[in-house]
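**Student:** Take this structure, written in structure tokens, and hold onto it; I'll ask about it next.
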Amino acid sequence: MIVLADHHDRQFRYLRLSLTDVCNFRCGYCLPKGQQLDPQRPALLTLPEIRHLIEGFVALGIEKVRLTGGEPTLRSDLVDIVRAVAAVPGIRRVALTSNGWNLRDRLADLQAAGLTQLNLSLDSLDAARFQAITGSSRFEAVMAALEQAIALRLPILKVNAVLLKTLNYPQLSDFVEFVRDRPISIRFIELMQTLDNHDYFQQEFLSGSVLTEQWLAQGWQPIKRDRTAGPAQEYCHPNYQGKLGIIAPYSPNFCQNCNRLRVTSRGALRLCLFGTGEFDLRPWLQHPDQRSQLLEQVQQTLNFKTAGHQLAEANSGDTRNLATYGG
């Protein structure tokens, strides 16, 4: 089997596919200026195009697909997309990242269609603080989706919280206590600077090392990562059912274990979340007979993947916000 690899000896088995660039939340760290979309932008990838895309990437060794947004539940055909992706031979895991606003009543259908992992964005366990961060009053709906996911016993259930120095770090102990009796993983993501959130970043950035130092002192132990795992380092504790984790893009050598590629909701391959430029794959997603051309295009494009991002130098590439690419 072909395994995608770049010039930096990194293998890629994980694809993040954005299903839409539209989001119905207005998180300060992501869309501080609101969402400004080009009305003339191309249409979203269709279900047949998505199927051709996944089949092509599986032929290149991809084993895990994460469906992101924007907010992917805004797609009315989401269940059909999950079913199509899960049906491709070679796919070991189908994951979904969602803000959970309209997820609870769709979870059973998504699980039946083949969803094996859910990552729910939840930046606070307090309704008022949640609204202050996200601009949404749907806290109860998100919590209901989380409890439903626990009840359905999804194989992998994770909560993502962007680490914010003044807005949720003071409630860190609440998150830790939340996993004591719940079989979920809560991962804190270091706030990343984009072209739109400079002031917010300056106010709210906090290094993830602050958390890991506390956890290690409290007896939490690091867990070995799977080869298709995302960038999080997770920790377990004998007194807790759940896990804690940190995604620290500002840490040294963060990019040396990169194992994922991104495709936008319009069919463009993006080599790095904080890179520049995209490579349009859509012309090779129209018919199965184009498979060899698609594979060749992906392999050639991978030659342009750099060794790492330049976030530490305050260089966000051309990324205005994270909603466009799904983070």
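Note that the numbers count up from 1, one per residue, in the order the chain is shown.
Here the Cβ of each residue, glycine as well, is placed from N, Cα and C on the backbone.
Just so it is clear, the model here is predicted, and its values are computed rather than measured.
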**Student:** Return the residue out of Arg10, Arg13, Arg16 that Swiss-Prot annotates for the same GTP site as Arg66, Thr97, Lys158, Arg260, Leu261, Arg262.
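**Tutor:** My reading of Swiss-Prot gives Arg16 as the candidate in that site.
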**Student:** Just to verify a number: CA distance, Cys272 ([4Fe-4S] cluster 2 binding site) to Leu261 (GTP binding site), in angstrom, no decimals.
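**Tutor:** So the Cα of Leu261 (GTP binding site) lies 7 Å away from that of Cys272 ([4Fe-4S] cluster 2 binding site).
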**Student:** Fill in the CA-CA distance, Cys258 ([4Fe-4S] cluster 2 binding site) to Arg16 (GTP binding site), as an integer in Å.
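**Tutor:** Answer for this pair: 12 Å between alpha carbons.
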**Student:** How does the model score the domain 'Radical SAM core' (7-232) in terms of mean pLDDT?
**Tutor:** 96
**Student:** Going by DSSP, is Lys158 (GTP binding site) part of a helix, a strand, or coil?
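**Tutor:** Its secondary structure by DSSP: strand.
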**Student:** For Met192 (S-adenosyl-L-methionine binding site), identify the closest of the binding-site residues Cys27, Lys158, Arg260, Leu261, Arg262, judging by Cα separation.
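**Tutor:** Ranked by Cα distance from Met192 (S-adenosyl-L-methionine binding site), first place goes to Cys27.
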**Student:** Cα-Cα separation of Arg262 (GTP binding site) and Gly70 (S-adenosyl-L-methionine binding site), in Å?
**Tutor:** 13
